[in-house]
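Each remark here refers to the structure printed beneath this line.
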């Protein structure tokens, strides 16, 4: 069942202000118990914010989180270092996304939305703010960047949906929705997005403002989280602890699983697990992870879910003892990100050497000896190793 799978890192945030990194890997046990198929190992725990963690994203060896303390924190997963804090927001940081061109191991741009109504765009190379997108009068609740890097979507508390032209840095389309989208995810390979409201999922085409379909989780069910891995399938988590799998081609619920006793605060699909690079026989990625507000992480095999209501057993369970608020899976190759960082450092060193050679020679001047300060790499200012 878990044979041939590789390890995957899952990052979660909690009310207790911590970012937690856990690794799921095959346990290697031949025990028939399904819960023994995967084991969880904690890789790091860092106090990231002065208030609850609101959102977290990971891509290409970079982890970013937003919190109630109005800050964005960045961490280098390659070297295990703290990259510092971004403090341009004047309110809670509620949503994050990252963009990198096709084939790039590292993201090039970071996007952050906050309760101050701003969408800030940062350059990842030196974390310089490039633009402050002003199109919302109230707090931004959700944000998603298209894979082309040319447009983005954001929704605010006033239920205004903005489509941003990132080339020109302005709103190209604005629409008043019936209710705000708590979360937005853009599809990969097609111009479609999935939005989560309190009691429904909305599927829309970017080229057609009309609603393609509305997915209802069921009578009295409240949606708390969703995951859209970029195919024709989606996952949603409910306040009653159930996880639902959706077939977007038929706009129908494919499976429903009683995963937790309390609210499902996050769902993630670890694409670096073997079998998740492409959809399995049922159409869904084979493995997915769910997290509850009670603090337990569970990994599941979608191939073991049945439509007749029979309950499946998780492949691995980890109880964290904290109140989880958000969840994501490591995206992209950490090794590839490390290689790109080394190449970038080499290019910068070569450029500095060329500039040094082009400078005219100066006559030596005798000066009194003084203490020489060690040169600090600007990129990693205010770093501290996190374990």
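For all residues, glycine too, the Cβ spot is worked out from N, Cα and C.
Straight from TrEMBL, the features:
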- 340-356: compositional bias 'Acidic residues' (COMPBIAS)
- 360-378: compositional bias 'Basic residues' (COMPBIAS)
- 335-387: region 'Disordered' (REGION)
- 133-174: repeat 'WD' (REPEAT)
- 229-256: repeat 'WD' (REPEAT)
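Within its own chain, the repeat 'WD' (133-174) is flanked in space by residues 91-92, 94-99, 101-102, 109, 111-121, 180-186, 188, 191, 193, 195-196, 206, 209, which lie at least six positions past its ends and keep a Cβ under 8 Å from the stretch. Averaged across the repeat 'WD' (133-174), pLDDT in this predicted model comes to 95. Across the range of the repeat 'WD' (229-256), the DSSP-based residue counts are 0 helix, 17 strand, 11 coil.
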